[in-house]
Every structure is written in C-alpha cells, then in structure tokens.
Amino acid sequence: MSDSQSRILITSALPYINGVKHLGNLAGSMLPADVYARVMRLLGHDVLYICATDEHGTPAELAAAEAGMAVAEYCALMHEKQREAGAAFDLSYDWFGRSSSEATAKLTQQFSATLEQNGLIEARISKQVYSNADGRYLPDRYVEGTCPNCAFEKARGDQCDNCGKLLDPIDLIDPYSSVSGSHDVEVRETEHLYLKQSEMSDKLRVWVEAQTSWPPLATSIALKWLDEGLRDRSITRDLDWGIPVVDMDGNQRAGFDGKVYYVWFDAPIAYIGATQDWAADTGGDWARWWRTDQGADDVTYVQFMGKDNVAFHTLSFPTTLMGANLEEEGEPWKLVDTLKAFNWVTWYGGKFSTSNKRGVFMDQAIALAPSDCWRWHLMANAPESSDAAFTWEEFQASVNSDLANVLGNFVNRITKYTVSKFDGQVPDGGVSGGHEDWIIAEVSTRLPLMIALFEAREFRKALGEMRAIWAAGNEYLTRAAPWTHYKTDVDQAAVGVRMGLNLVSLFGIIAQPIIPRAAKSILDAMNIPEAHRNWSSFDGWANGLPVGLPVAAPDVLFAKIEDTQIEDWTEQFGGDAEVQS
RNA sequence: GGUGAGGUAGCUCAGCUGGUUAGAGCGCAGGACUCAUAAUCCUGAGGUCGAGAGUUCAAGUCUCUCUCUCACUACCA
C-alpha cells in the first residue's frame, strides 16, 4: 500500500472516431485505465484521468461521407455516441474531450512552430497517389491494384494480402482508388512537413533505456524501432479535415492550403489539449499536470494503450515533447513515467475489427449484459501477456461463477440470514475463535497482495486475488456454520454472522473499481457511509461494523446468463467460422 | 522477407534470475452441507510443458534447429 498521496496523470489511448469501439478497444486501454484510476483514487491519490476522441484523418472523412454528413457534424455525433458508450460502461474520465478542440489545435500549431525553430521540422517533397474522381490524395492502403509480385488483383498499396509482400502504391499494376473504384489516379508531388525523429534518436534511446517500469512489450517495440534507425516521419497530410499547418512564426503556412497535420501528430497532443479543456471547465490548473516547471514535477504519468500504439507513445510523442525543450528557455513538458501496453482480445481466432464490423461492440454488449459483467470478465481475462481469446462460454462462466455464485450468493446468503434470524441488524455476542483467526489471516495476506498487484497494473492477477478473497468468505461460512450453532448457541452463531457481514462490507469495498454498480448496491444495503468506502486503511475491517447497524439483503446482484442466451448470442454475433475472411 | 510475442491439463491462462511429486479458475466425477441466486465447501481424475538435439548433477525454465499461431513493419489509426 502506498503510504503517501501522490498525483497521478492517467491517459488511455484515444479511441478513433469512426464508430463505437469494440470490446478489444475497451479491454486494451479505456477500461484498464479506468480501473487503475479508480484504484488510485480509493487509495487516496490525486488522480486526473483524461481521454478524448481522435477525430482527424482519412477514415473520419470517408466514414462521414458514407453517412452522408459533413465531417464536423459526423464527428460531433460520433463523439456523443462514444461518450454515451463510455458512460454506459462507467468509465470514470475526469474529462472526455475531442482532438478537434480549439485547445488541441492551438497546442499542435505551437508545438509545430517550436519544433521548427529548434530545427526538428523540415519541409520535403514526396510522391503520393491522387485520385481525380475522389478529388483527394489517397493514403497507401486506399490504393489497390494488381500485385507486381504475385499478380493478386486486390493488393493494397501498403501490402499485398495474398503474398504478404510490402508494397509501394507506385509499384501496383493498374492501380485504382478503393474509395470510388476509379482508375483515374495519378502520382503527384506534394510538399509535407517532416519531424526529424532521427535527430532525437540518441536522446530517445537514453530515455527509453532508463525506464524501469515499462512492460517488456513496450520496451522491446521501442528499442526495435531505435535499433532499425528512427526514420523521419511526415506530420502533415493532404486533407481538409484537421488542424491547419503553420510556419515557424505560427502563421498559416504558405503553400499548405488543403493540408493539415497528420492525425498522429495531433492525437497525443490532444491529451494536453483535453486537459486544458478540463481546466477551463472545472477551474483546474492544466499546467500543474503537464509542465514540470509549473508544478508537474511531482506528477506520475501513466499511459494505457494497445500494442499498436506503443511506438507513437514511446517515440513519436516523446520526440514532440522533448523536441520542444532543447533550448535553455525551452518548455519542459511532462513525459510518460510508466505505461501499460495490452495485446489484443481475439474473437474466435481472428481480430476484432471496427472497419470490418467483426466482434462485439460496446453499444451491443451493454444491451446484452450489465456493465459490471463486462468489466469483470474483460479485466479478469485482460490481454496482458499475450493475445487473449474471447468466447461466450468464458464470459458466461465469469458472470455465473465468479460474480453470481461466489460473490453475489455470498452477499445474499449472509444478509438474508441476518434479516431472518437477527432482525436485520449486526448482532452482538459471542467470542471469536479459530475460524475467525483463519479468515483474518487469509485476508491479511491476500489483501495487500491484491493492492500491490493493482498498483503494478497486473490486472489479471489482482482480480484473481480478489476472487480468492471472495471465495475465502464462503469457506469461512462453511467452517463457522452459524446456522448449525444457532440451534444451540445463538451467541456463537452471532460471531459467524457478524464476521460474515463484515466480509460483505469488505467485499463491496474492494470490488468498487471493477464492478462499481454492484459494489454500490452492496455497500448501500450494508449502510456503509461514503467516508468509509475508500482504501486508505483496512485495519480493523473484521470488526468495522457497529453492533446494531441495520443491514438489508440487496436485490439479486448478478442475474445468471442462461445457456439459451449464449446460444442466441453466438448465433447473433457469428463468433464462428463464417466471419473468417 | 525483417522484427517481436506466443504455442503448458477438455477450455482460458499462471509458472521470477534452471532445483523436491508442473499450478489456478472454469468444466468433469464423487462426497459434505442446507444459511443462500440447485448456490457453497471438501476430495479426485485429467498434462511425455509444440517437435528434435544440446549444455548441466538438474530444463517448462538456458542454447541451436524445425514447426504452427498472432502482431508490428513507419501514408489505417
């Protein structure tokens, strides 16, 4: 357990705007960030959890066009939908912003100007495919054609799906736009700004190698890119929707009409922009979280992301931040201290995919089962060490066994018994004995371990301990068997019931970050005051409830998932062979 | 092709710097209990740790070869 309060800045990778996110996105960044934020708050830390929708880029424009809407309108709508989806899953953002906000635009332009002043940005000419029919430049993968290697006719401009060879769209035979299907495409020269990451690679390597709290996945990806030699990255695109490009003085850049910053340049800056929006809305001080010369030196910054985002968070964004601080009078920005990278949740052998509409999406999931069920299952099976398979059967087992049987039934059995035999009050009398010593010892070894695992962001294991604590409660009741003693010695039975009720309270308190709704039901039924629901100290938990405290049996906490539902969902969401493509 | 991750009980996964009979949950079988959402508790059966070779007194754990899966590969984000 942490002895001291600290300030913790948490961000989860920005969900892209082109649709409600699937369970893989939820499990790989937003949900673990939320759980971590909740745990840290309960431990008494000062937490700021920031997220936002990532709204720029070609897919946003195309999705808007498909929906027959203006991009800005589409993004506003989808932002709202994602906000609702997040709220439905009880994601406790302190701020859920938008990368299209004024603040982010200003910051992005400021970073661009500063980086250019520091010699880290330069304009270069590159070749890009332009589609006359679409009236737009096409990112590589939106160009299709015949593979020069294997003659596959639907090879994408970045890679051939048939032979797997990496391609350049210029090499495709008979190229066409995958947006419109038009063959009226040509290669044009276009000017773009490049971020000279190569010049920062020594600094980055020193910084990366100094990190001790990154998971191996993150370190190995970052070092791999450094080992291969960091390439300069183009940070502008030929698009209308985005942040206008400025020159070194911060004015609209000559010759860059119709160009905007690349979404991956401005997206992480949106972490800061969203914090500014939070500050403007709440009266908070954004600089105290982001500028080490303005109070952020005592902040611990923790990022959550999927493994596809690691390079951007460990190299590109740090280049932006460090590159703005090269001068004596530079801008000392807060760099990430520790990060947690997740693998994928896989869906019956393949990936979840937003664009292919594969898998279960947040809005669909919430219609099937309460958010607590998803939160528990996804975190108990988080893809921490490798990709993790989602199956309906496992989901059912998580809900029915862990939540309904082990936790829900425990709460139910002891509260109902209290109501029927002890007037619905925490009973007095009796003397503790060996069984109580046993459960106290059990909890006192498992509880600190569980907290340490949460602090280390080892969610699977932390939830394993939580479950073990719940299960120990059931074992305790079996040992203490108050219903047996009740026949001959009510005081002896009271000992077991009292301990059982204190366990219910404890279980509710520790469950809050994972299953906030059920936890609240439990704690409300137990009449636990708000002030006693935090994790600041668990000392004395075994006698925490005052004798005579009225307790009620909460409604059924978790309804079981029936086999027929699993059959229906399997049918409804595929989940089998036919989705393989 | 390159790089990385992974292949451990029927299923989903733990197994740190090599060290007694390889673990957990689910599922399954048997038993106990009856307070409880037919819930809970106990016991048990299940593994030549992807294949092969090597290093070592000792290898799931280190080395090499092979094989299968997945991801990334910089203009999708």
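Using N, Cα and C of the backbone, Cβ positions are placed for all residues, glycine too.
Among the features that TrEMBL reports, Zn(2+) binding site is placed at A:Cys147, A:Cys150, A:Cys160, A:Cys163. Over all protein chains present, the Cβ of A:Cys150 (Zn(2+) binding site) has 13 other Cβ atoms lying within 10 Å.
Here TrEMBL flags A:Thr354 as ATP binding site.
Here TrEMBL flags A:8-414 as domain 'Methionyl/Leucyl tRNA synthetase'.
The feature domain 'Methionyl-tRNA synthetase anticodon-binding' is assigned by TrEMBL to A:426-576.
If one looks beyond the motif ''HIGH' region' (A:15-25) by at least 6 residues along the same chain, the residues whose Cβ comes under 8 Å of a Cβ in the stretch are 51, 53-55, 57, 59-60, 63, 74-75, 78-79, 81-82, 85, 306, 344-347, 351-355, 358-363, 365, 374, 378, 390. Residues or ranges marked as motif ''HIGH' region' by TrEMBL: A:15-25.
Here TrEMBL flags A:351-355 as motif ''KMSKS' region'.
As a summary of secondary structure, the motif ''HIGH' region' (A:15-25) carries 3 helix, 2 strand, 6 coil according to DSSP.
The binding-site residues in question are A:Cys147, A:Cys160, A:Cys163, and the one with the fewest Cβ neighbours inside 10 Å is A:Cys163. Confidence across the motif ''HIGH' region' (A:15-25), taken as the mean pLDDT and rounded to a whole number, stands at 88. Following the DSSP three-state reduction, the secondary structure of A:Cys160 (Zn(2+) binding site) is coil.
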